[in-house]
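Asks: Here it is: the structure, laid out below.
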């Protein structure tokens, strides 16, 4: 929370440096913008966002290295053994993240396959006995029970477990602290809730939740366990800081994608392209190592379960939707339908985002009414889904089995297969029941199936497509763990296969491959990913020959979708109010300088290098700033400078001030401390941790009159920019380096001008907040962002 609360003027008079007035600015900086910048209010915003079911105060994270005296001394004094321990610790945690994510993902798959599988077997037995009403009652009742378990847990125990969790992870890796998103209760509810929701047949996947689960595992490992039961091992404390936790959560997110799709390279690229804001080569190695461990664990469990020891689980392989059995040959004429698929995917993806945005706004109004309304909404969606999945197959005509098929293949009376008998006589199958009365994974396998040119009617595929468009829109947003990947894959694969059937003999591409391309195009049109999606689909389908046409489809779909609206995750971030900073600044941000932003901000609050305890406590109680510039006056300057100069010593964090007050590191007189005095009281590990709240601090009257030397705790190398820099440049620097504060220094260094004239935070650089103050900027020339 970086926004200030106004202090009493008398208390602030001696400690606030007023910003440079307009007369002292560069005249050239005003002539360009004078007509544009019409101010209508003060640049301020309330740092609130929806996290889970409640509105929370949002703070930024300290990703910047705090180069104070303690850090510098520790860095100089580290032995090779300590450095090696730290590096080995990182790789050990990366290994554990992959191992635990792989194990939990396997257990989730095992539970879903068995619970949903046995449910469908019982329903199939009722249908074979022509007890259709009993079959529906059991089907709907089981789905309601499973949905209620997931919804009750999310509503009453861990509201942050609802939804996919990917937008919040994006925000965290962007530098936004999302409270309670990675706790132990969230992890447990996410696991159980995902099993219940997916087993209930709801139109959602476990892919998004698995990304969140991997991130929760990484966060808990990095901090030594849940908040109330943390391990106190010294080597673990090295990772209990925002910077190392960011790297671990990145490993967890990539491991979650790998566990969901069994796509190790795709998982790494997903983290790089979609969720991570900050990246480096060392992190690339560790994320790849984590995903490799996940694949090994999944492979081991699948091989073990193939023997039948895991019930209905284990019939698949490492490749989920294998289409490697068909040779991909296409000619120039096939490019036209492939381009059409890409265009359709971009249009439908952006339309899906638009409609889902409206529905999520409606759901937020319903969810605000109370917990009972949340439960009723989830159960209503579950009942509607059950009615459609059980009732719509009766609209489909029975199709005779192909006589060339081996005995026992058609019709299928079990859980899986392309030829479900349902209500048809012997020798016939119901193609719509094959798609609807099955698990969502098996539905995708059926639509993706190759060499099945005549097994699905267009009418059944149209019903399937329309139904899952509706279910995909109304299911996402209810109070259960949910993912967007598989619902979008189902919709895209349906219209892809419809187009493949419509092409008939005019194309050489198999209908199953059209379904794959349709799924890829809709995902690119909605999520706006390209590279990671391309690799994920190649690893999913095990067919490298799809690479050229998949790349073409993804590029077209993303380009078309970008013409209409942002990606679905950006829309969710905006709905939740999370202050996410985009990679590209708005074009109009080049028309305004940070100095002009300072004109509409409260004056900057500074501290002296040796400050009085009473003033520090007063400041912390009456502001919510998390960083304060430290300024020394009357220092002895280098030769050639006027005497009595003012020095910007650096930036001290609120957490460090609280730690000083908590440890009561006070001085009887105003003086600089010796280096040994600081090391005796503090360690750099302590400075990396959070230090509670000011309300927990108590000081006597005598202590209030004492002093604190802030020099050893001050970051002496904060990032600074001159006040004439454009907001666009400042935002790029802020985002790419992962900053929490940027200090603004004056362009002109003259007598009477303070060394720091302002401080910018994440909220100050958000386009929405700036436009509230300068609405005419959006109308300026070149204000539209290109894609």
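For all residues, glycine too, the Cβ spot is worked out from N, Cα and C.
Unlike curated entries, TrEMBL annotations are predicted automatically.
TrEMBL feature annotations, pasted as is:
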type	residues	note
DOMAIN	714-777	domain 'CBS'
TRANSMEM	91-112	transmembrane segment
TRANSMEM	132-158	transmembrane segment
TRANSMEM	283-302	transmembrane segment
TRANSMEM	335-355	transmembrane segment
TRANSMEM	458-478	transmembrane segment
TRANSMEM	485-506	transmembrane segment
TRANSMEM	544-561	transmembrane segment
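Any idea what these are sitting next to in the structure?
Replies: Here the transmembrane segment (91-112) has Cβ contacts under 8 Å with residues 191, 194-195, 198-199, 206, 210, 213-214, 217-218, 221-222, 239, 248, 251-252, 255-256, 258-260, 286-287, 289-298, 301, 305, 310-311, 313, 439 of the same chain, all six or more residues outside its ends.
Listed as Cβ neighbours of the transmembrane segment (132-158) (distance under 8 Å, sequence separation of 6 or more from its ends, same chain) are residues 52-53, 115, 119, 122-123, 126, 180, 183, 185-186, 188-190, 192-197, 199-202, 371, 374-375, 378-379, 381-383, 385-387, 389-391, 423, 478-481.
Using a Cβ-Cβ cut-off under 8 Å and counting only residues 6 or more beyond its ends in the same chain, the transmembrane segment (335-355) has close neighbours at 469, 472-473, 488, 491-492, 495-496, 499, 503, 507, 509, 514, 517-518, 520-527, 549, 552-561, 563-568, 571.
Only residues 6 or more beyond the boundaries of the transmembrane segment (458-478), in the same chain, are considered here, and those with a CB under 8 A from a CB of the stretch are 151, 162-163, 202-204, 352, 355-356, 359-360, 363, 374, 377-378, 381, 384-385, 388, 392, 395-396, 431-432, 435-436, 447, 484, 487-488, 490-491, 494-495, 497-498, 501-502.
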Asks: Looking only at the domain 'CBS' (714-777), what are its DSSP counts of helix, strand and coil residues?
Replies: 24 helix, 12 strand, 28 coil
Asks: Report the mean pLDDT of the predicted model across the domain 'CBS' (714-777), rounded to a whole number.
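Replies: Value for the domain 'CBS' (714-777), mean pLDDT as a whole number: 91.
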Asks: So if I exclude everything within five residues of the ends of the transmembrane segment (283-302), which remaining residues of that chain have a CB under 8 angstroms from its CBs? That is, six or more out.
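Replies: Cβ under 8 Å, 6 or more out: 90-91, 94-95, 97-99, 101-103, 105-106, 110, 247, 250-252, 254-255, 258-259, 262, 264-265, 267-268, 271-272, 276, 310, 314, 316-318.
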